[in-house]
Amino acid sequence: MDRRAQIIDVQGLQDLVEALLARGYTVVGPTVRDGAVVLGPISGVDDLPRGVHDRQDAALYRLETRDDDALFGYAAPVQGAKPVFFPADELLWRAHRSPDGFDVEDPDGERPGPVALIGARACDLTAVDIHDEVLMRRRYVDDHYARRRAGTFVVAVACGEPGGTCFCASVGTGPCPRTGYDLLLTELLEAEHHFLVEVGTSRGADVLADVPTTVATPSDVTAAGDVVARATERMGRTLETEGLRDLLYASAESPRWDDVASRCLACTSCTLVCPTCFCTSVGDVTDLTGDVAERHRVWDSCFSEQFSYIHGGALRSETRSRYRQWMTHKLGSWQDQFGMLGCVGCGRCITWCPAAIDITAEAAALRAAAPPPGPPAAPPVPVPTGVRP
Ligand code: SF4
Ligand code: SF4
């Protein structure tokens, strides 16, 4: 496999998309809809968000026009790949009444071919890897997720325009993907509009063989490195990760949780946009005749009171304890459960929080108020592995 970096132009990117479509992939990439960059089916470069930039800050998202034709000149789309592989509403099964009882239909028969993700960011590839760990690599495999993930082809793009809420550099996930891609693009705009392409897998090399390329020059490679270096310097926010798990365990009774609860609306937006959140609930529906029944799995959120309901009441009836649960899980107990942070630094929970609550600012406030560090803390309670952490 030739791993030398190659150069393709904009027509080459179009050829790449067409090569993936010809192989039967459902090609999903960034596109503009309703004033925002979102992921959706695409058939070529004309569907990509040409010449736009996203201004992001706490509770702020605006698309602005750039003075060039960049196709990847924005930070994180509104959502990562989560809805592609783990949809907000998953039909688990459908049953039809029959003379002898009922017949169960397999909803997987309706699914299109494998997905090719175009333009995946480093933070979102890490989030996919986290979902793979949680939903596929452990004792219980989520078959629905595993089927959607099977055969995924990834064309990643190094981030050159971090948003004001991004902090992937400080949590070590970006701005340039290190693994998890078949092909990695870096968009170069200075002389001509072209892309440096790095091959990650033999599948990637096979698809790239269908596209006219030239071998990248040393100056192309340097220019691509500069794109990533500039993005790292312009990262909007920082999260100090040193001792974070112990800090959160030691802060279980911090008055800061009351402070954040006075601002939090418990709207659940942060968990819905978060690419690593995976909590769900299950509901059954029937049609009016009672002849067809369906079971759906839908996204749920630890910010809703109902989520922690067990017989007799909710375990976390106050917003204070719900925010504490979410943040302590993301940044602390996730490390005990899965051996990694549950946050990839995409900043979406900051951008899309209507109350402008900022997980990096909350972590910094806890750190500022914390007592001097002692020995490593034990988890406050055992956290079982399952769908309701
Ligand atoms: S932190 Fe913000 S987005 Fe999350 S539930 Fe509270 S108000 Fe909603
Ligand atoms: S907690 Fe916030 S910044 Fe971290 S991965 Fe989730 S949405 Fe992104």
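Cβ coordinates come from backbone N, Cα and C, glycine included.
Per TrEMBL, the feature domain '4Fe-4S ferredoxin-type' maps to 253-285 (among others). With a threshold of 8 Å between CB atoms, the same-chain residues lying at least 6 positions outside the domain '4Fe-4S ferredoxin-type' (253-285) that come near it are 78-82, 86, 88, 92, 123-124, 127-128, 130-131, 134-135, 293-305, 307, 318-324, 326, 330, 342-344, 346, 348-349, 351-357, 362, 365-366, 369-370, 387-389.
The feature domain '4Fe-4S ferredoxin-type' is assigned by TrEMBL to 334-362 (among others). For the domain '4Fe-4S ferredoxin-type' (334-362), the list of distant contacts is 56-61, 75-76, 78-80, 121, 123-124, 126-127, 130, 133-134, 163-171, 173-174, 236-239, 241, 244-245, 256, 260, 263-265, 267, 269-271, 273-276, 327, 379, 383, 385, 389: same-chain residues at least six beyond its ends, Cβ to Cβ under 8 Å.
Residues or ranges marked as region 'Disordered' by TrEMBL: 368-389.
Annotated compositional bias 'Pro residues' per TrEMBL: 370-383, in sequence order.
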Structural state census, the domain '4Fe-4S ferredoxin-type' (253-285) (DSSP three-state): 13 helix, 6 strand, 14 coil
